[in-house]
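What Swiss-Prot says about this one:
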- Lys168: active site, proton acceptor (ACT_SITE)
- His287: active site, proton acceptor (ACT_SITE)
- Asn116, Thr166, Lys170, Arg288, His320, Ser372: substrate binding site (BINDING)
- Lys194, Asp196, Glu197: Mg(2+) binding site (BINDING)
- Lys194: N6-carboxylysine (MOD_RES)
- Lys327: site 'Transition state stabilizer' (SITE)
Amino acid sequence: MAVKTYQAGVKEYRQTYWMPEYTPLDTDLLACFKITPQAGVDREEAAAAVAAESSTGTWTTVWTDLLTDMDYYKGRAYRIEDVPGDDTCFYAFIAYPIDLFEEGSVVNVFTSLVGNVFGFKAIRALRLEDIRFPIAYVKTCNGPPNGIQVERDVINKYGRPLLGCTIKPKLGLSGKNYGRAVYECLRGGLDFTKDDENINSQPFMRWKQRFDFVQEATLKAEQETGERKGHYLNVTAPTPDEMFKRAEYAKEIGAPIIMHDYITGGFCANTGLAQWCRDNGMLLHIHRAMHAVLDRNPHHGIHFRVLTKILRLSGGDHLHTGTVVGKLEGDRASTLGWIDLLRESYVPEDRSRGIFFDQDWGSMPGAFAVASGGIHVWHMPALVTIFGDDSVLQFGGGTLGHPWGNAAGAAANRVALEACVQARNEGRQVEKEGREILTAAAQHSPELKIAMETWKEIKFEFDTVDKLDVTNK
């Protein structure tokens with residue numbers, strides 16, 4: 001290596017970090033950023049600044065650069081692309097050597113890629129659109145504690161989506177009344193019930209009281225139906241120690257599945273909890289509370305496809321992914337993209353779905369996609385079509401809002417699901433023929449008939465805020 005000499009001062013980032021001739025290595029971690037630069041900052045300099053500030057650079061040259069191989073460790077901005085329909089911003093593709101990141105630590109990856117660089121003054125707005133994790137890094141992460149196949153074997157249910165329900169009202173019920181609602185929903189035909197994300201341990205219902213009543217309800221429903229049932233017990237807590245205390249108690253009373261809010265709870269806590277679940281044979285349901293703070297602004301933040309990849313690496317057997325048809329944000333093409341990233345072993349680049357890189361997961365198991373938020377029986381044909389079998393369809397208000405009560409709401413959803421799955425297996429176009437399929441099933445199910453009458457006019461037809469850039473062409 002040639003002798004280097006130190007020259008103090010400030011130089012343009014592009015002199016060191018803009019490398020359009022660079023060909024990424026298979027072991028590089030690749031990132032795509034959407035950059036909106038400040039006025040007067042050209043694209044190459046802005047891209048190089050992001051590469052520098054998210055890897056080895058600082059605002060001035062430092063003599064300690066001579067003590068390491070900066071040419072190896074630096075991030076490299078190697079490509080720039082236009083954003084379709086928006087000339088205020090551009091895509092910058094940056095390659096990072098794998099040795100910049102601690103093995104198995106999504107915390108460390110995010111600290112670099114979405115750390116101080118997001119407050120950099122030369123950048124008006126910055127969004128992390130996608131990451132390609134090299135297989136060499138994927139193999140250092142434990143991933144889902146169980147995965148899709150193991151969970152199906154545990155609950156002994158195959159060939160259809162699973163049915164769930166979030167207990168409502170989400171806050172205010174006593175432990176006994178909460179357990180009663182769980183029992184009625186599970187007895188009526190659901191596979192799972194669920195704590196809402198903001199149920200932890202409040203004055204109206206402490207966590208241990210809830211766990212006890214819920215497990216009693218679950219066991220009673222199992223005995224009466226002959227099916228394996230479960231309730232997602234939310235162990236999210238103020239401290240990691242308290243979180244693990246609640247998880248241990250859930251295991252002690254025989255609960256098959258626990259739940260964590262992975263963004264508000266933290267990626268470090270989630271990775272640790274996933275490892276605990278793997279060691280203790282527990283299923284882990286993941287809620288994405290706070291995601292929209294990060295991913296809904298189309299110019300600044302972190303796209304949900306990145307948060308999906310991070311969760312798969314950190315660990316979780318279920319992840320909320322939106323519904324397309326319900327009350328929450330998420331267009332169809334994007335949602336199908338991150339569902340594949342959650343479940344498939346290999347996902348190729350597909351700009352029509354917002355996927356910027358090939359992603360190889362190797363042998364890492366996938367996780368169930370969870371559809372939840374403003375859905376009811378009329379949505380069932382679309383949900384079965386969009387999400388397929390390896391999903392959990394969760395109807396909260398669409399179960400507990402039934403005029404005849406919780407058990408009737410659960411029965412209506414179970415009949416609707418089985419009718420749609422049967423029609424699909426017969427080769428019918430379920431989404432197109434949905435009304436006919438549900439109407440025929442309702443002739444033999446008064447619970448479904450009443451549900452269809454109750455929610456026939458309920459739609460959530462709002463435009464998506466975060467559109468795929470490809471749709472702007």
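Cβ coordinates are placed from backbone N, Cα and C, and glycine is handled just like the others.
Positions of Swiss-Prot features highlighted on the structure.
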residue	record	Cβ contacts under 8 Å, 6 or more apart
Asn116	substrate binding site	Glu53
Thr166	substrate binding site	Thr193, Lys194, Asp195, Asp196, Ser372, Gln394, Gly396
Lys168	active site, proton acceptor	Asp196, Gly396, Gly397, Leu400, Gly401
Glu197	Mg(2+) binding site	Asn234, Thr236, Asp261, Thr264, His287, Ala289
Arg288	substrate binding site	Asp261, Tyr262, Ile263, Phe304, Leu307, Leu311, Leu319, His320
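Under a cutoff of 8 A between CB atoms, and with a sequence separation of 6+ in the same chain, the neighbours of Lys170 (substrate binding site) are Asp196, Asn198, Ile199. Cβ proximity to the Mg(2+) site centre (mean Cβ of Lys194, Asp196, Glu197, cutoff 8 Å) flags the following additional same-chain residues: Thr166, Ile167, Lys170, Asp195, Asn198, Ile199, Tyr232, Asn234, Met259, His287. Annotation note: Glu197 (Mg(2+) binding site) sits in a coil segment as assigned by DSSP.
Secondary structure at Asn116 (substrate binding site), taken from DSSP and collapsed to helix, strand or coil, is helix. Cβ neighbour count for His320 (substrate binding site): 22 (other Cβ atoms within 10 Å of its Cβ, all protein chains included). Over all protein chains present, the Cβ of Lys194 (Mg(2+) binding site) has 28 other Cβ atoms lying within 10 Å. Cβ neighbour count within 10 Å across all protein chains ranks His287 highest among the recorded positions Asp196, His287, Ser372.
Spanning the listed substrate site, residues Asn116, Thr166, Lys170, Arg288, His320, Ser372 have a farthest Cα to Cα distance of 37 Å.
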